[in-house]
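Student: For reference, the structure I am asking about is given below.
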Amino acid sequence: MILASNSQRRQEILKDAGFNFKVITSNIEEISDKKNITERILDIAEKKLEQIAKNNINEFVLAADTVVELDGKILGKPKNREEAFRFLKSLSGKVHRVITAYVFKNISKNILIREVVVSEVKFFDLDDDTINWYLDTDEPFDKAGAYGIQGYGRILVEKINGDYYSIMGFPISNFLENLRKIGYKISLIDKI
């Protein structure tokens, strides 16, 4: 299997589930003309996948994209500390959505799975000291929404409604269920 992603979290989730894969990243510009946020994220994941799949028609290719959305606005990876502070301040005390889209394809076997998983996360009310402490960990700067639920960022989270691993970057349970539906046995996932 080829993972079309540099995300350390996705790699960790897939390795922990027993998948063997190689990483080949695409160099597409992560933009989409789709108006609906979930369609836009799925479109970006598909573009990442297609760039790799067209040159690897006999391989399974997996691509994904994750965003944090608050009140219709996407919070990507912060450009600097000030933007990260603003993101976290805006998330403070509120419920936001984490949207992960993934596409799994094998051209020669005519296999295609397209999926979007939406989870909700509620943050505690965060004071400036807590936000600055978290920023000092350097954890938020390579993550959508400026936090990682699997690290120090977990202390910011009051509750979640949805898939923890999707919030982390890849909905492994959903993916495994989709593989079962198309006839792949979980005991053979290291062969995919």
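Keep in mind that glycine also has a Cβ here, set from the backbone N, Cα and C atoms.
From a predicted model like this one, the values you see are computed outputs, not experimental measurements.
Here's the feature list from Swiss-Prot:
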ACT_SITE  Asp65  active site, proton acceptor
SITE      Arg9  site 'Important for substrate specificity'
SITE      Thr66  site 'Important for substrate specificity'
SITE      Gln150  site 'Important for substrate specificity'
Student: Show me the subset of Asp65, Thr66, Gln150 whose Cα is within 10 Å of Arg9 (site 'Important for substrate specificity'); these are the recorded positions I mean.
Tutor: Gln150
Student: Looking at Cβ-Cβ distances, which residues of the chain lie under 8 angstroms from Gln150 (site 'Important for substrate specificity') while being 6 or more apart from it?
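Tutor: When sequence neighbours closer than 6 are ignored, Gln150 (site 'Important for substrate specificity') has Arg9, Met168 within Cβ distance under 8 Å.
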Student: According to DSSP, folded down to helix, strand and coil, what is Arg9 (site 'Important for substrate specificity')?
Tutor: helix
Student: Which residue, out of the recorded positions Arg9, Asp65, Thr66, shows the minimum number of other Cβ atoms inside 10 Å of its Cβ in this structure?
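Tutor: Fewest other Cβ atoms within 10 Å, among the recorded positions Arg9, Asp65, Thr66, is found for Arg9.
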